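According to TrEMBL:
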DOMAIN    6-122  domain 'Response regulatory'
DOMAIN    137-209  domain 'PAS'
DOMAIN    211-263  domain 'PAC'
DOMAIN    264-326  domain 'PAS'
MOD_RES   D57  4-aspartylphosphate
Amino acid sequence: MGTPIHVLHIEDNEGIAELTATFLEKNNDRIRVETAGNPAEGMERLDSDSVDCIVSDHDMPGKNGIEFLEAVREEYPTLPFILFTGKGSEEVASQAISAGVSDYLQKQTGTEQYELLGRRIITHVERTRAQRELEERESHLRQAQVVAELGSWQTDISADEIYWSDPVYEIFGIDDTEGSLSYEQFLEYVHPDDRETVDAAWSAALDGEEYDIEHRIVTDDGEIRWVRERADVGFDENGTPETALGIVQDITTEKEREKQLQQASARLKALFKGTPDMINIHNSEGDIISPNPRFCERTGYSDTELADMKVWELDQELDPEEAREIWRGMQPDEDLKLESTYRSCDGSTFPVEVHIRRLDQPMSDHFAVISRELTSSLM
């Protein structure tokens with residue numbers, strides 16, 4: 001059994017209404033029929049109940065079937081509406097089609113007409129539901145594209161026509177979303193310094209290579225943005241490129257963040273190498289991963305030698321088990337300050353003030369240690 005179908009039948013003849021409901025429900029257990037005696041009552045039912053399809057007679061008091069159809073279409077433009085009348089004509093059929101009727105059936109003698117009516121009801125309801133689901137999926141896709149700053153495009157290569165989805169126009173900062181663009185028009189939006197690279201990548205894609213490229217674009221108001229494009233090219237039986245289907249994503253924010261990280265990394269590297277403090281990074285097992293030059297200089301070990309050592313081989317007051325327990329209890333970006341004693345490679349020792357920070361990095365369990373020799377040991 002499929003999804004139930006609620007039918008609203010508008011019929012002023014009680015006997016015909018009862019007979020129609022009986023046969024429709026008997027022939028198909030998905031169909032449930034509700035009857036209204038006139039168009040006015042039918043509109044009230046529509047406003048108060050969920051209806052999947054209307055079946056209406058034509059000759060009725062107050063409003064005829066065409067007038068009722070016109071009233072329904074003003075509020076429910078896609079609701080299936082079947083005109084089921086005993087006094088039909090070509091003129092009535094023509095008027096019904098012009099008013100947006102879904103189907104037109106003339107009443108006949110015999111029960112076969114109800115089987116046909118039931119099949120038409122199911123066909124139109126399922127078609128409408130499928131169209132509604134498609135529109136919902138497309139709406140969700142458009143929303144997802146907006147959230148992801150993602151758009152789609154397709155190209156008729158032989159006609160040199162590129163069709164963009166609305167999000168692509170938004171990414172490129174173009175207000176006019178009508179029609180198509182040529183390949184040369186697209187290239188005009190590519191940053192001048194990137195056009196040669198983009199053109200070469202597209203030419204390679206037409207020869208069967210993968211098209212996956214990041215490049216800059218320049219919007220109509222002069223803003224520079226970064227985009228990533230990917231596409232699949234379709235070829236005919238002779239190997240000639242015919243069509244392409246692709247996506248474009250605005251990665252400007254990602255590129256700006258990447259640039260900021262690179263700048264921050266450069267500053268940290270300069271600090272790491274130039275600071276008078278001793279710095280080393282170790283993991284949760286105590287393995288020394290990255291010592292700075294000052295750390296090597298003061299302890300007398302090379303960075304290669306330190307890479308084979310544990311931190312407690314240098315820190316004379318650090319117990320391995322206690323250290324692991326302390327590290328496990330630290331939260332990302334949490335700092336811990338303490339005083340300890342380091343041992344140099346010549347066996348001498350010196351007191352230090354130690355600052356330990358657990359680094360907040362994905363898939364990492366590392367600790368940065370900044371150590372400063374206490375003044376008393378330098379006197």
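Using N, Cα and C of the backbone, Cβ positions are placed for all residues, glycine too.
Given the structure is predicted, the values throughout are model-derived calculations rather than measurements.
Mean per-residue pLDDT, taken over the domain 'Response regulatory' (6-122), amounts to 90. Residue counts for the domain 'Response regulatory' (6-122) by DSSP state, with H, G and I taken as helix and E and B as strand, are 56 helix, 24 strand, 37 coil.
Counting only same-chain residues at least 6 apart in sequence, those with a Cβ under 8 Å from the Cβ of the residue listed as '4-aspartylphosphate' are I10, E11, D12, N13, I16, G65, F84, T85, G86. Residue counts of the domain 'PAC' (211-263) by helix, strand and coil are 12 helix, 30 strand, 11 coil (DSSP-based).
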